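Asks: These came from TrEMBL, pasted as-is:
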type	residues	note
DOMAIN	2-97	domain 'Pyrroline-5-carboxylate reductase catalytic N-terminal'
BINDING	I6, G7, A8, G9, K10, M11, S34, A69, V70, K71, P72	NADP(+) binding site
BINDING	N56	NADPH binding site
DOMAIN	161-263	domain 'Pyrroline-5-carboxylate reductase dimerisation'
REGION	261-281	region 'Disordered'
COMPBIAS	264-281	compositional bias 'Basic and acidic residues'
Amino acid sequence: MKIGFIGAGKMAQALARGLINSGRITADNIIASSPKRDEFLLEQCKSMGLNTTHENAEVVQKSDVIFLAVKPVHVSKVASEIAPALSKEHLVVSIALGITIRNIESLLPTKSRVVRVMPNTPSVVRAGASAFAMGSACRDGDAETVERLLSTVGFAVEVPEIHIDPVTGLSGSGPSYMFAVIEGLADGGVKVGLPRDLALKLAAYTLLGAAKMVLETGVHPAQLKDDVQSPAGSSVYGMHKLESGGLKGILMDAVEAATNRSRATGDKALPRERDFRNTEM
């Protein structure tokens, strides 16, 4: 299978590197494109062994699966460039923030096979969390193809498209929240006397271990939290501080804010979809 990336930024590179590291796709079967002003991105792709080009249509011609890895405002322009080269044999996978399947389909030839995906950056270390939704023209087996590709870089699940924006707010943006948590824990460790490098490792492994316990035990995180807190112990004192600061509420607000931003970004980038929804309502 030949994979193409239109757009060669951080997410495209994370997915490409993850696919290569999985052993399922070789670097010479991946091509990436980027404008000439972003030549440095293509240099980074070349360092991974990827084929590169400045022509988006060339990516289509040399790929079976095409990832649209561009900013939302560029989707219309890119779609117009690749539409003449696109056939029903191509599978188009969009990771553009907020852009709906319906809008992408309206920009491409009739019956184009379109998938909308929200991956996240831990894909680069094959620990990603991706959700995808299938377009109306997708064939039997397309969902399995997308799941196979995404599962090489972590967890992948099919969802209704209405869930993609909330997925963006949770797992798409979530790594940034957790990096802040790791940084905060490490800073706390330094404050009480730990060396910085040790504090960072302990903080990161703590989150890794907690996540594995949730996934592998099937026990609700609230119960796992209670199991750590012995009467009058250190953990419950620390938890009191977190609850006083509204930790869970702040995280909920963050997910909601990122979800709303994803929706607003799609509406702003492609106003036709917003107008359509208002008319339909």
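The count begins at 1 with the first shown residue.
Just so it is clear, glycine is given a Cβ too, placed from its N, Cα and C backbone atoms.
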Asks: Including all protein chains displayed, how many Cβ atoms other than that of A8 (NADP(+) binding site) lie within 10 Å of its Cβ?
Replies: 28
Asks: Work out how many Å separate the residue listed as 'NADPH binding site' and V70 (NADP(+) binding site) at their Cα atoms, rounded off.
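Replies: Distance between the two Cα atoms comes out at 11 Å.
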Asks: Pop the mean pLDDT for the domain 'Pyrroline-5-carboxylate reductase dimerisation' (161-263) in here, whole number is fine.
Replies: 96
Asks: If you measure every Cα to Cα pair among I6, G7, A8, G9, K10, M11, S34, A69, V70, K71, P72, the residues listed for NADP(+), what is the largest value in Å?
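Replies: Value for the max Cα separation, rounded to a whole number: 15 Å.
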Asks: State the count of C-beta atoms found within 10 angstroms of the C-beta of N56 (NADPH binding site), not counting that atom itself.
Replies: 24
Asks: For the domain 'Pyrroline-5-carboxylate reductase catalytic N-terminal' (2-97), DSSP counts of helix, strand and coil?
Replies: 48 helix, 19 strand, 29 coil
